[in-house]
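One structure below.
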């Protein structure tokens, strides 16, 4: 039986096995506390996330179960990798994942990115999204702070707590406002994997211009900012809106023509703007997919169709429609943890194929210098 150490970190009881040493707080949110720590078995640093009160309600327990199942299933080098799961004596859930040095949000808050970093980062984001979407999963909360990066330019998407099955009817609580797709604001219940592509487009625009493209103060202001740049929603979009009040709101907007994105982003190549135009399309049915975006000429230096894997099959979402009491979810979570511990940690995703035409070494050196200058390492 594992031995536990108890500490108090940021006023929170933090229990961890003796496998880990030197926990240091790196993040705190409504769903948990995250600490860096050193794994004495793998001799690698990890991020230890304590999920706060996972069994307080059936909805929290279900969210925890969903996140654990997704982390166990999704295995790709541009997604955060699960290292360990354990349940503490106080019955809190702890998830250990690989630790990367910083996140994109932090980098963007310090100084603008060089265009070559923006190009490589959006390639990796889309590469990860292709895999996620092929598993029939929507991330739903893609934003710079959920994009982790290390000094070698390796990028990994994290935080699958809000991820969902792609299906016709969806709940409306998703995504930080700046990166929220218009179809979510217009209908709230009908959307697909295209919402992640919109979020990725907003992230690309922010990397290129050095500040958010649509920094809305509220839901209505957010939509005004979008239409101010992209013009009014086409009739095909309005026809799909299910709320009469929303239809009336959209029709009440002043007439606006799309602006030239190059005048909004400024000083960047037309090829980057062309990809952005295809990602930031109000109608999700005509928005480019992650897979097609990888083939865009802007990403030609990195694109390798033999090294952009899809999932082995769709994720099993059969549990997601269940409305179990929290005690049942608790048993299911315990079962998943025991299964993980008994089966063991699957092999990490393979690194980039060295036969790819892209040699990242020079870019890695430049990015390491960028991080050093920014005080991130």
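Heads up, the Cβ atoms here are built off N, Cα and C, so glycines get one too.
Marked as active site, proton acceptor by Swiss-Prot: 141. According to Swiss-Prot, the feature ATP binding site maps to 26, 27, 28, 29, 30, 31, 32, 33, 34, 49, an assignment based on sequence analysis. If you look up Swiss-Prot, you'll see 20-299 marked as domain 'Protein kinase'. What Swiss-Prot records for 171 is phosphothreonine, and it gives similarity to another entry as the kind of evidence. The phosphotyrosine annotation in Swiss-Prot covers 173 and rests on similarity to another entry.
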Handout entry: Rounded distance in angstrom between the Cα atoms of residue 34 (ATP binding site) and the residue listed as 'active site, proton acceptor'
Key = 18
Completion exercise
One finds that other Cβ atoms within 10 Å of the Cβ of residue 28 (ATP binding site) number exactly 16
Exercise for the section: Can you grab the distance from residue 28 (ATP binding site) over to the residue listed as 'active site, proton acceptor'? Cα atoms, rounded to a whole Å. Expected result: 17
Exercise for the section: Fill in the CA-CA distance, the residue listed as 'active site, proton acceptor' to residue 32 (ATP binding site), as an integer in Å. Expected result: 16
Practice task
Across the whole of the domain 'Protein kinase' (20-299), what does the mean pLDDT come to? Round it, please.
Solution key: 89
Problem - Other CB atoms within 10 A, centred on residue 26 (ATP binding site) - result: 15
